[in-house]
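Participant: Starting off with a structure, shown below.
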Amino acid sequence: MAVDTGLFVAMTLVYLVLIIGLGYLGYRRTKEDDDYMVAGRKIHPVVLALSYGATFISTSAIIGFGGVAAQLGMGMIWLTVLNIGLGIFIAFVFFGKRTRRIGHKLRAVTFPDLMGKCYGSSFMQYAAGLVIVVGMPLYTAAILIGGAQFITSTLQIPYTTALIAFAAIVALYVVLGGLIAVMYTDALQGGIMLVGMTILLVLTYIQLGGVIEAHTALAGMSNLVPDALVAGGMTGWASMPAPGSSIWLTMVTTLVLGVGIGVLAQPQLVVRFMTVKDSRALNRAVLVGGPFILMMTGVAFTVGALTNVYFYQTDGLIALAAATDGNVDTIIPNFINASMPDLFIVIFMLALLAAAMSTLSSLFHVMGTSLGFDVVRRAGTGKATMRPIRIATVVMIVISVILAFVMPGSIIARATAMFMGLCASAFLPAYAHAMYSSRPSLRAAKMSLVTGTVAWFAWTAFVHVKESAALGLSNLLFGVPAVLSAPWQDVDPLVIALPLSTAALLVGCVLDRHEVAADSEESAGAA
Amino acid sequence: MFGIPDPAIWVGYLLALGFTLACLVYGLLNWNNGVEGEQDGS
């Protein structure tokens, strides 16, 4: 973005001073393991809501998914519906309260620890920790890439320097200040994001002549949809793609369902329910969380689609044609740069930086605690303390940075959807079972976790062509990029793996009941 | 509605706004509920 660099640098410095200050406050308040892991279980509801929302919404949601909305249209609003309905309301009211209560009772400090203690099984803790340690660096690397790309284009500094500096600053306060530092900084970052997105929405509608006028203009552009997208099922930017078409399948199964459902079992979000002292804090957080998410994804998707109107009215181009090198991740930054006043560009840049940092810090923290507390400790190195967890956090940060250097640059939205899909497939049925059953079945949970994880990886590596072609395993073993043809190769792994994982849980529960019934009959017979 | 001709889109907008409203109402109605020791209601 071309902007007054001096102004941006000055505001960024003020922002960084505030972030480091809050990080230091977190460090000073971190005295015990509970402080480092679950913020001492006494976080304020507004801090919880903003932290949850800021962690939930990364640059992926704003830049990546906003860019996807510019390409595919307003149908992305269905992801906002799920983000608020499932990601906030259902998550807080139906999962959050039980997670807090059970987590507090069992003294659980991480998501894998919660799973392990609910099921009385070190396997569950170790396996959940392993899924996080293996899968989360992919998502983390995508967030790093997004942040570094943004810093590079804004400050005109080398990509490598941007990536390493970005990771190092976040690492500093995560490693030293633990979850208290993460949540305090999240809250500030969430506030900046809220201001930035609110201004973006208002200025966009003013720029385009009003709400109805902007939408009407967008609806009138359906004849400008490129032929390749029409062939894929796209009907316009203010209408849904043709049902069953490849674009519809991608939008509905990967972007809307994959991310929308996946959020329910995100370890970095679940752990936040355990940071408050009572359910009243969760009730209050719902009030802040719903509007916050609406102003994040709802605005990103709406403005994303409307960039088509702006670029058409000013340059005679659709948004996709205005993207730099055809990369949809550049559409929102290009739009902001071209259409907004300088001061707002700086505010929005800070909002993007805040979005990337808030998500990144939470992922660093969860990966570190999973490796240092759940996986390594379970492998037999004795009781966990803050020191090995801090070392593990550094290790996971280094792995993520290395991954960020080798992963392709245009993977932000896809990597987000992949990680959310993996979490839902692996964890959601077992997590829900643990929260809602008085005697959860360990066998059922193991079957569900293993089935969901294996099915997700198998579908990703061999069927879902967007990933299987890139991974190359299918080509290596079977000589084709995907072993099944359309429409299956457009169906997201979550849509297959989550039902299988749920079915495995149900089968496990039935098997357990049969065994209990058989044992009871034997006992009765013996008597 | 809202200048958007496809019901599949504007219904999405209505639902997004509706869920947001539900969050606001729920938060206000339960502002003081759920203090430690009370029933959570879920």
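Just so you know, glycine gets a Cβ as well, placed from its N, Cα and C.
If you look up TrEMBL, you'll see A:6-25, A:46-70, A:76-95, A:126-151, A:163-184, A:191-212, A:247-265, A:286-311, A:343-367, A:388-406, A:412-432 marked as transmembrane segment.
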Participant: For the transmembrane segment (A:46-70), which partner among A:126-151, A:163-184, A:286-311, A:388-406, A:412-432 gives the most CB pairs under 8 Å?
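Facilitator: So the stretch in question is A:286-311.
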Participant: Looking only at the recorded stretches A:76-95, A:191-212, A:247-265, A:343-367, A:388-406, which one has the largest tally of CB-CB distances under 8 Å to the transmembrane segment (A:126-151)?
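Facilitator: By Cβ pairs under 8 Å, A:343-367 leads among A:76-95, A:191-212, A:247-265, A:343-367, A:388-406.
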Participant: Which sequence positions outside the transmembrane segment (A:388-406), separated from its termini by at least 6 residues, show Cβ-Cβ distances below 8 Å to it?
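Facilitator: The answer is 36-37, 133, 136-138, 140-142, 144-145, 148, 160, 163-164, 167, 171, 174-176, 363-365, 367-369, 371-373, 376-377, 381.
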Participant: How about long-range neighbours of the transmembrane segment (A:286-311): same chain, 6 or more residues beyond its ends, C-beta under 8 Å?
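Facilitator: For the transmembrane segment (A:286-311), the far contacts come to 45-46, 49-50, 52-53, 56-57, 61-62, 65-70, 73-74, 76-77, 79-80, 83-84, 87-89, 92-93, 190, 193-194, 197-198, 200-201, 204, 207-208, 214-215, 217-218, 221, 224, 237-238, 317-319, 321-322, 331-332, 335, 338-339.
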Participant: Under 8 Å, at least 3 Cβ pairs, sequence separation 6 or more: does that hold for the transmembrane segment (A:6-25) versus the transmembrane segment (A:343-367)?
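Facilitator: Yes, these stretches are in contact.
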Participant: Which one, A:191-212, A:247-265, A:343-367, has the most C-beta pairs under 8 Å toward the transmembrane segment (A:76-95)?
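Facilitator: Comparing A:191-212, A:247-265, A:343-367 against the transmembrane segment (A:76-95), the winner is A:247-265.
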Participant: List, by number or range, the same-chain residues at least 6 past the transmembrane segment (A:343-367) whose CB is under 8 A from its CB atoms?
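Facilitator: Distal contacts: 1, 3-4, 7-8, 11-12, 15, 19, 51, 54-63, 110-111, 132-133, 136-137, 139-140, 143-144, 146-147, 150-151, 154, 166-167, 169-171, 173-175, 178-179, 181-182, 185-186, 188-190, 192-193, 195-197, 199-200, 203, 267-268, 271, 336-337, 392-393, 396-397, 400.
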Participant: Let me spell it out: take the transmembrane segment (A:247-265), skip the flanking residues so only those 6+ beyond its ends count, and list any with a Cβ under 8 Å from a Cβ in it.
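Facilitator: Sequence-distant neighbours of the transmembrane segment (A:247-265): 56, 65, 68, 72, 75-76, 78-79, 81-83, 86-87, 90-91, 95, 229, 232-234, 240-241, 413-414, 416-424, 426-428, 431, 466, 487, 490-492, 494-495, 498.
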